[in-house]
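Undergrad: Handing you a structure now.
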């Protein structure tokens with residue numbers, strides 16, 4: 001019988017079929033199929049929204065349903081699984097995107113490793129020229145009537161004249177100059193390396209650098225140069241005192257440049273290098289390790305020098321409240337550590353096929369009645385074993401948090417996890433992951449063995465499942481083992497000034513494995529009263545597989561401990577332990593692989609690997625401290641220069657960029673500002689403070705040497721006469737502000753109150769606005785005449801901002817094309833402004849000639865360990881801290 005569907009139930013089954021078809025179409029990535037999909041969606045929506053009632057029959061429905069069932073329920077379940085998987089993947093992508101917003105993303109592992117390896121001692125700071133801000137330049141001389149003479153005069157001018165206008169911008173320029181000096185500041189100066197021949201010398205003498213030689217050439221060729229100066233240049237040469245290993249070179253420097261270079265020479269970071277220093281540079285635990293045979297080259301020259309690395313500890317405490325930064329540091333340390341942990345190659349492991357065959361025999365797989373035991377052999381391979389070995393040691397070295405991946409039904413994984421939790425301190429695992437693993441072990445193995453009810457663990461419970469179980473289990477051996485795990489923490493020990501996270505002695509010597517085996521034996525002897533016999537047998541067989549390898553597990557524990565402690569000796573930064581934002585995933589099946597495949601071959605780091613690891617750690621740590629010193633100095637300088645608009649965040653960003661490993665744009669702002677606050681609390685390093693004081697004392701001298709800016713402007717209500725200036729001609733330039741009332745231009749611009757100026761000008765009192773202004777030159781006489789009486793200055797002040805006022809430098813001289821216009825000497829040119837510009841320092845040869853002193857020669861060695869040749873004993877004979885072989889099972 002036909003019936004009519006009404007209301008919400010209309011088109012129910014066809015709609016369901018359409019949806020199933022839609023899902024199938026969504027799986028296909030083909031573009032044409034997507035177009036069909038869109039059409040079907042449109043048809044579906046048209047059907048649902050249409051007012052037309054459609055009549056169908058029972059028989060048709062039955063046929064459709066039967067057809068769907070016949071197509072196979074497997075396809076539907078498979079489809080459902082795919083949908084769930086897609087949803088799960090989508091959730092992971094969303095979580096990853098959320099994480100990306102808060103955690104710095106990292107480049108590929110190879111690039112991070114390369115960046116770490118590329119941080120080297122500052123060899124780039126080996127100077128081939130002296131540091132200079134100034135250079136001498138020739139300027140013409142003008143007569144009283146404005147005509148240019150043929151004579152020239154030498155003045156000190158800026159080498160790189162990029163001074164901006166505006167007092168604030170000029171102060172910012174000095175901050176950038178300071179930053180540039182910090183980058184260029186040499187660790188050492190060897191004048192012999194930069195000395196060049198003096199072409200005008202009588203006896204092939206040398207001067208300190210090429211720029212000094214060029215200045216000497218220019219002065220020697222200048223017609224104005226006195227004969228006595230020429231004779232002096234001809235006599236300029238180096239003076240060697242070989243017995244004292246000292247050489248003096250003549251140099252021509254501005255007094256400020258001389259002060260900088262003299263400071264660099266007197267505060268070099270190089271120190272004499274001898275065998276004792278190299279001996280003490282090698283980590284003490286490596287020196288005393290009987291497995292390594294070290295020989296030192298005793299033929300060090302007396303001129304050998306080295307730069308002591310800056311290895312101060314925990315100045316910023318990045319582990320405290322800097323989650324993203326700490327995550328980046330631990331990640332790069334983890335990648336570096338993984339690269340130096342020795343590989344367990346296939347020849348060092350038991351053959352995978354042979355081991356699986358042996359395990360199959362132990363399990364009597366041919367007589368299996370349950371499926372779960374076949375999982376025991378799943379995923380066991382040498383690559384997983386090697387990966388697990390490297391992950392465990394590298395994570396502990398870098399203090400990276402690990403998270404565990406496991407399947408609860410794989411009892412072998414859980415039993416291997418019991419070894420893992422016994423050997424690795426609890427702190428190394430993500431809390432949630434640790435709780436999940438412990439709960440699985442308790443509810444799958446421990447509680448069923450004693451016939452106890454399942455543990456119902458409350459999320460957020462301060463106690464872990466093992467801590468709860470320790471109080472409830474009566475069996476001494478199992479409770480004792482649980483107690484050990486619950487109290488398994490790193491011991492913090494300071495060795496050679498570095499905080500080390502050391503393992504418990506019972507783990508180091510492998511004795512804890514006996515404790516684990518006692519607990520496992522007790523569990524295998526229990527009756528599992530509430531569980532089927534097959535379940536009990538599966539657990540017992542899993543325990544049997546692990547207990548058969550008791551000797552190898554003891555050796556494995558000793559091997560992990562030895563490799564960890566040996567590599568830990570090469571870590572130079574305090575090993576602070578804080579849970580990291582991201583984690584390193586560890587599959588419990590790979591732990592099973594490691595437990596089952598570990599052989600009797602001892603694997604220890606090669607001495608070359610240890611030295612490489614140590615050098616990279618030292619270089620990164622030293623660079624980290626130097627960049628902190630730079631950032632602290634720049635922040636202090638910005639405050640002392642009153643740069644109130646300076647964004648401190650930019651200083652912190654520069655600091656992080658110079659550390660190489662950070663992706664700065666992804667560091668959250670709150671951590672940037674917290675880092676700024678920490679940097680503010682640190683004292684400025686002495687050398688950097690002295691350099692800043694040198695700049696601070698000489699800011700005016702540097703400003704005076706610039707052609708870009710003037711130091712102020714005098715404005716008046718009435719015109720002022722132009723005056724003769726020797727450097728520029730007939731101009732509106734004032735060389736001093738005597739007799740003028742002065743107002744600070746920066747304060748005036750900040751307040752915007754021009755009333756004071758207006759009142760003074762209306763009272764016919766000239767006023768001097770003091771501050772850095774653009775020094776604009778206009779030598780056209782026509783423009784001078786046009787602007788003479790064009791405006792009343794009081795009106796300019798009312799209508800315009802003073803910071804837009806461009807004082808004009810008027811030149812009237814014989815070079816002007818319009819010179820004939822001023823043939824009438826009765827006409828007196830005037831201006832309503834006068835530019836206040838200080839006189840640059842004249843170049844005086846005698847005052848600029850300085851003798852600089854440095855060592856005649858020395859050699860700086862950056863890699864001290866290159867003097868040490870090292871070898872290892874035969875691995876089979878390698879011993880641990882207790883003087884017993886690392887691997888006892890032969």
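For all residues, glycine too, the Cβ spot is worked out from N, Cα and C.
Bear in mind that the values here come from a model prediction, so they are computed numbers and not experimental data.
Below are the features listed in Swiss-Prot for this protein:
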REGION    1-88  region '5-fold hub'
REGION    1-46  region 'Disordered'
COMPBIAS  19-30  compositional bias 'Basic and acidic residues'
SITE      232  site 'Interaction with the intermediate capsid protein VP6'
SITE      236  site 'Interaction with the intermediate capsid protein VP6'
REGION    404-424  region 'Hydrophobic'
REGION    432-452  region 'Hydrophobic'
SITE      849  site 'Interaction with the intermediate capsid protein VP6'
SITE      851  site 'Interaction with the intermediate capsid protein VP6'
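Could you place the listed features in the three-dimensional structure?
TA: Note on residue 232 (site 'Interaction with the intermediate capsid protein VP6'): other Cβ atoms within 10 Å of its Cβ, all shown chains, come to 16.
In sequence order, 198, 200, 201, 205, 207, 216, 250, 849 are the residues near residue 236 (site 'Interaction with the intermediate capsid protein VP6'), counting only same-chain partners six or more apart with C-beta under 8 A.
Here the region 'Hydrophobic' (404-424) has, by DSSP, the following mix of helix, strand and coil residues: 13 helix, 2 strand, 6 coil.
Long-range contacts of the region 'Hydrophobic' (432-452) within its own chain (CB-CB distance under 8 A, at least 6 residues past either end) are made by residues 402-404, 406, 408, 411, 414-415, 417-418, 421, 426, 464-466, 469, 472-475, 478, 523, 526-531, 535, 539, 583, 588.
Counting only same-chain residues six or more apart in sequence, the Cβ atoms lying under 8 angstroms from the Cβ of residue 851 (site 'Interaction with the intermediate capsid protein VP6') belong to 239, 248, 249, 250, 251.
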Undergrad: Can you see whether DSSP assigns residue 849 (site 'Interaction with the intermediate capsid protein VP6') to helix, strand or coil?
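TA: The residue in question, residue 849 (site 'Interaction with the intermediate capsid protein VP6'), is strand (DSSP, three-state).
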Undergrad: Go ahead and report the DSSP secondary structure tallies for the region 'Hydrophobic' (432-452): helix first, then strand, then coil.
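TA: Secondary-structure composition of the region 'Hydrophobic' (432-452): 18 helix, 0 strand, 3 coil.
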Undergrad: What mean pLDDT score does the region 'Hydrophobic' (432-452) have in the model?
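TA: Mean pLDDT for the region 'Hydrophobic' (432-452): 94.
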Undergrad: How many other Cβ atoms sit within 10 Å of the Cβ of residue 849 (site 'Interaction with the intermediate capsid protein VP6')?
TA: 18
